[in-house]
Amino acid sequence: MHIDLPTVIALGWIQTLAMGVLLWMVMGAFAGTARRSLRVWIVSLLLQAAAWIVTPFAAGHPEYPPFGAVVNAMLVSAFGLGAYALRMLTGAPARQWRMLALGAAVVAGIVWFQIVQPDYAARVYVFCTGIAAFALTVLWPLRGAWLRHGHLAYRVTMLVMLAVVGIEVWRLVELALAERPPVSMFQARAADLAHLVLMSLQPALASAAFLLLYYETAHAELRRLARVDPLTGVNNRRALAEHAARLIAAAQRDGRPFSALMVDADHFKRVNDRYGHGVGDAALCALVARMQRTLRASDLIGRTGGEEFVILLPTTGVAEAREVAERVRETVAMAPLRADGSEVALTLSIGVAVYRTGDADLDALLQRADTALYAAKHAGRNRVVAIGDAPAADTHAGNPAARAGAAADGAPLNAAAGSDRPVSG
Ligand SMILES: Nc1nc2c(ncn2[C@@H]2O[C@H](COP(=O)(O)OP(=O)(O)OP(=O)(O)O)[C@@H](O)[C@H]2O)c(=O)[nH]1
């Protein structure tokens with residue numbers, strides 16, 4: 001196959017420039033880190049396009065080495081900027097000084113072997129090593145991100161970068177093994193041609209990978225946001241319902257029990273009234289952190305209302321769930337929460353319900369947990385009430401602890417924690 005070098009160069013120039021302009025036009029649709037990394041990516045494309053413009057002059061005037069030095073320095077810098085932009089987009093540490101040092105070393109090497117002490121082979125070694133090194137700086141974070149998220153875009157971008165490393169290494173090997181070292185890349189050996197074709201295709205391929213990467217990460221972030229409570233960062237009701245659906249399926253399949261705790265902060269209105277809404281918000285975050293410390297990694301916590309949380313306890317029957325609830329209650333009541341510079345004493349009322357065959361979804365289970373919570377509130381707050389298989393009405397009727405608790409209703413915010421015994425289950 002005959003590859004016409006001027007055509008390759010012209011195509012490379014046109015598509016790099018077109019891609020740069022196109023991305024510039026759609027930059028408004030990007031935000032935050034993605035926008036910053038896209039800006040760097042566009043600069044990298046435009047620098048590459050400019051390098052393609054100077055390339056024919058370098059090829060036509062080998063007797064004037066600065067042309068060649070400028071082209072190579074621009075191409076390496078453009079590639080380095082592209083790698084930097086990709087690192088930003090994958091969330092890898094920017095390491096701008098290391099990237100800058102690598103770029104400066106490669107450019108210095110190119111200038112040295114092109115102008116000061118002309119040596120084609122040494123220049124190619126420096127250039128190829130620089131490009132491959134930049135590709136490697138992206139490959140590692142891409143691999144990490146791929147292992148974490150498994151998105152297709154990471155694999156596509158990794159493939160493009162692997163192709164870059166492969167072709168540059170091929171060029172190096174071909175040059176090292178050549179009997180008569182070439183004096184110019186325009187002698188068009190196979191690896192040089194592959195390198196030129198790659199250089200002309202890479203902007204389009206890598207830009208497609210860049211966009212794919214952006215849309216997949218943005219999509220994943222949107223999915224995450226749709227399942228997370230914005231204040232506390234725990235699951236929202238939708239995410240809890242999804243988790244619960246899996247637990248219900250497991251319970252129906254293998255008979256594995258699971259329980260739900262409905263947790264409500266007592267007299268939270270007083271926290272807001274006394275300390276302000278900001279401290280109230282911080283107290284809710286501190287409350288979540290405190291509760292999480294008492295739970296297993298497999299337990300799931302979610303926020304279902306202002307100061308109301310649900311905790312799902314997989315493979316947990318009612319007796320054990322009650323113990324967990326009691327531990328959560330005690331841990332919170334034990335010491336005030338640190339919230340935005342204030343110490344906020346909080347107590348919790350917790351309703352416990354265990355999954356029953358026939359519960360179609362989380363709501364069915366939560367209805368019972370809510371009834372138990374209502375009973376706990378009525379019994380005086382700062383207590384745990386569990387509903388096992390007995391009807392809800394039985395859970396606090398005639399219970400001495402509940403009646404004693406009810407007498408404590410309306411206690412001041414910092415009142416000592418009341419005690420509680422389970423009433424049913
Ligand atoms: N700071 C803050 N407060 C919230 C948030 N969501 C709800 N609240 C407050 O939580 C309080 C809940 O008040 P109530 O439903 O009367 O309940 P309570 O004062 O906790 O009393 P009991 O639940 O009956 O013990 C209200 O004052 C809400 O404004 C939030 O996101 N941040």
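The backbone N, Cα and C atoms fix where each Cβ goes, and this holds for glycine too.
What TrEMBL records for 397-418 is compositional bias 'Low complexity'.
The domain 'GGDEF' annotation in TrEMBL covers 256-389.
Sequence annotations record features per position, and here TrEMBL assigns region 'Disordered' to 395-425.
Residues or ranges marked as transmembrane segment in TrEMBL: 12-31 (among others). Among residues of the same chain six or more beyond the transmembrane segment (12-31), those with a C-beta under 8 A of the stretch's C-beta atoms are 38-39, 41-42, 45-46, 48-49, 52-53, 55, 196, 199-201, 203-204, 207, 214.
The transmembrane segment annotation in TrEMBL covers 38-58 (among others).
Among the features that TrEMBL reports, transmembrane segment is placed at 64-85 (among others). For the transmembrane segment (64-85), same-chain residues at least 6 beyond its ends with a Cβ under 8 Å from one of its own Cβ atoms are 37-38, 40-41, 43-45, 47-48, 50-51, 54-55, 57-58, 94, 96, 99, 102-103, 106-107, 110-111, 114-115, 118, 123, 127, 130-131, 134-135, 137-138, 199, 206, 210.
Beyond the transmembrane segment (97-116), the same-chain residues lying 6 or more positions past its ends with a Cβ under 8 Å from any Cβ of the stretch are 65-66, 68-69, 72-73, 76-77, 80, 83-84, 87, 122-123, 126-127, 129-130, 133-134, 137. Positions annotated as transmembrane segment by TrEMBL: 97-116 (among others).
The transmembrane segment annotation in TrEMBL covers 122-140 (among others).
What TrEMBL records for 152-173 (among others) is transmembrane segment.
Within its own chain, the transmembrane segment (193-215) has Cβ neighbours under 8 Å at 3, 5, 8-9, 11-12, 15-16, 19-20, 23, 30, 34, 38, 41, 45, 48, 52, 75, 82, 85-86, 89-90, 128, 151-154, 156-157, 160, 163-164, 167-168, 170-171, 185, counting only residues six or more beyond its boundaries. The transmembrane segment annotation in TrEMBL covers 193-215 (among others).
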Chain residues outside the transmembrane segment (152-173) and at least six past its termini with a C-beta under 8 angstroms from it: 86, 90, 124-125, 128-129, 131-132, 135-136, 138-139, 142-143, 145-146, 191-192, 194-195, 198, 202, 205-206, 208-210, 212-213, 215-217
